[in-house]
Amino acid sequence: MPAFTTKQIAKHNHSNSTWVIVDDKVYDVTQFLQDHPGGDDLILEHAGTDVTEIMKDQLEHEHSDAAYDLLNEHYIGTVDRLRAVEDDDEAEYYVPTNPSLDHKNNGFLDLRKPMFPQLWRSKFSKQLYLEQVHKPRYLPEPAPYFGDNHILEPLSRTPWFMVPIVWIPFVLYQLYNSSLHGAMASTVQGFSTGVFVWTLLEYTLHRFLFHMDDNLPDHWLAFLFHFTLHGIHHYLPMDKYRLVFPPVLTVIVGTPIVLFAHSTFAPCFAHAFLGGAWAAYICYDCTHYFLHHASINAPEHLKEMKKYHLAHHYKNYESGYGITSKIWDYVFSTVLQY
C-alpha cells in the first residue's frame, strides 16, 4: 500500500476528501461521513489528523471493535514519517481515487466497472473525453478493462518483463542473420542506424499517434481506439500492467518497419537495422516502466527523466514527448518546462 506524509494527509480535511490517521494507518472516510452515527461534523473536526487517541478516549467516545472493523474497509495506506518534504509532490501521484465520487463528479468512466463496455458506443463528447482521459487517476489495483471474468481481460495486462523475454531473442536472431550475410562493419552500421531511427520513431509515435488529440474524430469508435492505444495510460498512469506495449501491438506497429527495412536495405544491413531498432525499443519500454515505478535512487539522467515524464502526465501532456531522452524535444521545440 502507498505511504503518505502527514503534510500530505493534512490536505484531505474537507467533506470532498476526508482522511484520518489511526495507529499510523491512513483511512479515507469520505463515503462514511453521512453514515457516521455521531454526524459528519465530529469527523470533519479532526479530518486530516491523527485520531488514534480520540477514538480511545472514554470521555469523548470510546469506539468498539465493530467500529474498528468498519474502519478497515476504508484503509488506503500507511503514514511515512521519514519521507522528506521535497518528496511530497511525487507522493501525490499515489493518492487513491474514490471511484464512486469520481464517476459522480466527472460524469466519465466508473472505475468499479469494466471500461471497454462503457466506451463501446459511448455518448461522451470529444471535449469531455479529452478533458477526462488526461486527468490522472490512481487505483492500488488494476481496473478491469473487459471484466475480470472475460476471456480477453488477461490479454489487456502486460507485465514489463514480457518485453525483454519476447524481444531479446528477436534481436539476437536479427544479429545472427546479419552476421551470415556480410561483414561486421555493416552489422555495426545497421545496428547503430536502427537505434538512431528508433529514437526518432519513439518521439514521432508519442507525439503524432498517441497524442493525436486535435485530429481525433468526434466519434465513440475513435475514443475507443485512442483510449486502448494510449489514453488508458494517461487516465491510469500508475497502472503497472498497462504501461508497456503488449507484444501483439508491437507486431502490428513493427510490421511496416520490418517491410521497410527488407525492401530498402541489403540483407546484412536490414537484419542489423531491425536488431538495433528492437534493442532500442526494449530499452525504451523498460525505461518507461522505471520512470513510473522504480526507485528514485538511480543515475542522474534517469532521475531527471523520471521527473520530466511524470510532469508530462501530471502537468502538461502537450509537451515533453521524450521518454529515454529530451533530444528530439529540443530539436522540435517541445521541451516541457516544469
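Backbone N, Cα and C define each Cβ position, glycine as well.
Copied over from TrEMBL, here are the features:
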{"type": "DOMAIN", "residues": "1-80", "note": "domain 'Cytochrome b5 heme-binding'"}
{"type": "BINDING", "residues": "His36, His63", "note": "heme binding site"}
{"type": "TRANSMEM", "residues": "159-176", "note": "transmembrane segment"}
{"type": "TRANSMEM", "residues": "183-200", "note": "transmembrane segment"}
{"type": "BINDING", "residues": "His206, His211, His230, His233, His234, His288, His292, His309, His312, His313", "note": "Zn(2+) binding site"}
{"type": "TRANSMEM", "residues": "220-236", "note": "transmembrane segment"}
{"type": "TRANSMEM", "residues": "243-261", "note": "transmembrane segment"}
When counting Cβ pairs under 8 Å to the transmembrane segment (159-176), the leader among 183-200, 220-236, 243-261: 243-261
Spatial separation of His206 (Zn(2+) binding site) from His36 (heme binding site) - C-alpha basis, Å: 47
Cα-Cα distance linking His63 (heme binding site) and His230 (Zn(2+) binding site), given in Å to the nearest integer: 47
Candidate with the highest Cβ count within 10 Å, taken from the binding-site residues His206, His292, His312: His312
Count of other CB atoms lying within 10 Å of the CB belonging to His234 (Zn(2+) binding site): 21
Residues of the parent chain within Cβ reach of the transmembrane segment (183-200), under 8 Å, 6 or more residues beyond its termini: 175, 265-266, 268-281, 284, 324-325, 327-328
Whole-number Å value for how far His63 (heme binding site) lies from His312 (Zn(2+) binding site) (Cα to Cα): 45
Number of other Cβ atoms within 10 Å of the Cβ of His36 (heme binding site) across all protein chains: 14
